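The annotation repeat 'PPR' is assigned in TrEMBL to 172-206, 274-308, 309-344.
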Amino acid sequence: MTAAALRTGAAILRALSAASATHLHAHALKLGVLPSCLHLCSALLKSYAASGRAASARQLFDEIPRRDVPLWNALVSTYARSGHPRHALAAASAMACDAGGRPNGVSVTSLLSACAQLRSPVHGRELHGYAVRNVVDLDLPVLNALVNMYGKCGRLADARMVFAGMEVGMRSAVSRTSMINGCSENERPAEALEVFEEMMIVGVKVDEVTLLAVISACAKLDCTSSLGDWVEQCALDNGFLQNTRVANALIHMHGKMGRVRRSCEIFDSMVLRTVVSWTAMIQALATNGHGVAALVRFVQMLREGFQPDEVTFLSVINACGHSSLVNEVHQLFKSMVHEYGITPWMEHYGSMVDMLCKAGALDEAFEFVLAMPVKPDPVIWRVLAGACQGHGNASLARRVMDHVISMEPDHDGNYILASNLYAADEDWRRVIDVRLDMGVRKGTSRGAIAASYVEVNGD
């Protein structure tokens, strides 16, 4: 097989499916052209990277005796793209020790993605420093990856610095989307919309990813209906209103704004719906107190053959709980576990306890918590304790607070909650005991605390 034929095969491979790549890999091994043809090896690695097949990529890589920088980059990219960020960093370290060469700009771009997945600003800053010292020209992909990494790692000021250092004409849709996501994820949604507005002014084409980022930012704002209409109009103008993912995000956004009627209109107009679509619609109804309507949508979803997942069940359970549909919540929880084989999250248990507490069934809630197959978290116990206080059930409150304090003996809020519960029941001795325990935990002697309490209260 000639070199030209091998290069042609590599070019064809880039357009093939993962299954075809596997067959071509096996055929090339039979012909004996691997691992000597680096063009074909690189194409195979990239194909495995695109399909997230890290193990296959590593096996091929280990068979190659001469590894150049592009091959190392293909391996690093495979790990980063398939959700193995630590393996990507380890591969880069091995690359630096290999005779093949040091990481270049392409390497840095993949490694910054790995740092973003790890939420590791320390590694990210080290890579930034390495790039400044060793990469001759920090091109647009590297700068975009820096903005994304700093945003994901909670270093919004650093993301702004990199973004501001880019010439306005150089900023692409990816640059601006990374900055929008960074602002939104770091609780600066208004700033995210400012970046989007500037993007619209300079005429950068909006894509699906950008719209999803902007809609997410809007959902976090206590904004007016006009802003929601503006974002939806942007989706319409750019031909994305019938895009399923964009429509799902708009349903969620309008629901958060209290515009559940508009959420229903978008949902009803969708040509293609997914489980996420149904869940977004149920969440919108739940958020706005329409428990019965949410349950109706859930039933419709089942009739149309969709399989509910954990999030769907959590949404409909919350919806029914807020509307005091106690029997329905019980049935939903049992159906989730026994019919669909879904293991409940802590949030599912918490919703059940919250519903029972609101219905005044405190003893049932307490027994439900004790029967949980997983250890209840402190939040569930505190919800139950607060409900005991609200319903004046002092005896159960004491039992609950014993569990809470034993789980989190260093949490000040637990002692304050216990003190308030006992004070409401005028159990002043228990109030003093709790205050003493809290003070001793902070290093103050019980005698000093008691003396101070007597001095203040005159007892």
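The backbone N, Cα and C atoms fix where each Cβ goes, and this holds for glycine too.
Because the structure is a prediction, the values reported are computed rather than measured.
Across the range of the repeat 'PPR' (274-308), the DSSP-based residue counts are 26 helix, 0 strand, 9 coil. Sorting the repeat 'PPR' (309-344) by DSSP state (H, G, I as helix; E, B as strand; all else coil) yields 27 helix, 0 strand, 9 coil. Counting residues per DSSP class in helix, strand and coil order gives 27 helix, 0 strand, 8 coil for the repeat 'PPR' (172-206).
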